[in-house]
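Note sheet for the following structure.
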Amino acid sequence: MSSSAESLKIKGNENFKKGDYVAALDQYSRAIAQDPQGITYYSNRAACYIKLEKWEQSINDCSHGLELKGDSKTRVKLLWRKGLAQRKLGLLQQARQSLEAALEIDADNSTVKEEINGLIWDEKKAQRKSKGRLLQVDTKLKAKSKSIETLQQVPVTIVDTLPKELKQLFTKTEETATSKMTLTPKAANSVPGVVAPTPRSEPPRPVPSKPSVSKLYIPTGPFTIQTMMFLLRTPPAQLPQLFSFLYGLDPAKFARIFGQAGVESEVLDLVLDAAIYQNDQFADKATWALKTNSLLTALSTCARFDIAKIFISSSKLEQLLKLFELVDPAVGAALVKTYSS
């Protein structure tokens, strides 16, 4: 183990704690250059990549670190971080393999267990989406098959000559065309069988207005984690309705709703979006601040919050802080500190 590499790691740890992940990444990279066999340096750099949402790079560092010799604690961290990054990329099967390998080393690791609970939720969501797509395709195929079955054959009769009435009509039309005469309405009325067009006096048809946004559908019955999964797929046009609905929920029930599976980063992001949007809807900003603090504080007590908050958008937290600075700066600062990773 190189002493200079260890010094770089210590500096990297200090920058990581400060939230300066780019600087920490540089320190760990330099430590790896000094000591390519240092498994801890790869593990720490993988953590930086996760903070920066560079999932592929994190997986690469974890894979490389796992090829090196190291203590079981570091190997569990590498497997956990690898599984986390794989999950974020939607590689659910690979993520499960990594996390289960971590549990084989440390069966009582609560952090890995929490990540597996989140993975189970993702797997259920993927299954629902897959079933929905299959149902949609099956419905289209059935409709197409039904339309084909109802097609009827239309008899076609082949003729060599035009009927007498049509032949006379075409003869008159050709004579009129060859005369190259422009008929005025008065002249047109004097021609047998020809009626002059009348000027259109009715006003133009108004342009139809844009269709109104349909009402947000919320599954009936108790509000559960499955209900939240359903609402996460709300179309953008209906989000204002969803934000208003979320602000009507009882925060005290969040712990029961999310249970052992815990809260996901997508839920945290959704509630932050709701908080920012609802600020304009509340005439009394103090009421908005009170309600927002209640919602976000309740979510922070749910299982897996410490993992989920890693992926929260920092720009949203900055927006939230600015809104609170106009109402209650101390509460806003405390919330942002809680939600910052």
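A Cβ is built for glycine as well, from the same backbone N, Cα and C atoms used for every other residue.
In TrEMBL this protein carries:
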- 5-38: repeat 'TPR' (REPEAT)
- 189-213: region 'Disordered' (REGION)
- 200-209: compositional bias 'Pro residues' (COMPBIAS)
- 243-315: domain 'RNA-polymerase II-associated protein 3-like C-terminal' (DOMAIN)
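The predicted model assigns the domain 'RNA-polymerase II-associated protein 3-like C-terminal' (243-315) a mean pLDDT of 91.
Broken down by DSSP into helix, strand and coil, the repeat 'TPR' (5-38) contains 28 helix, 0 strand, 6 coil.
Per-class residue totals from DSSP over the domain 'RNA-polymerase II-associated protein 3-like C-terminal' (243-315), listed helix then strand then coil: 53 helix, 0 strand, 20 coil.
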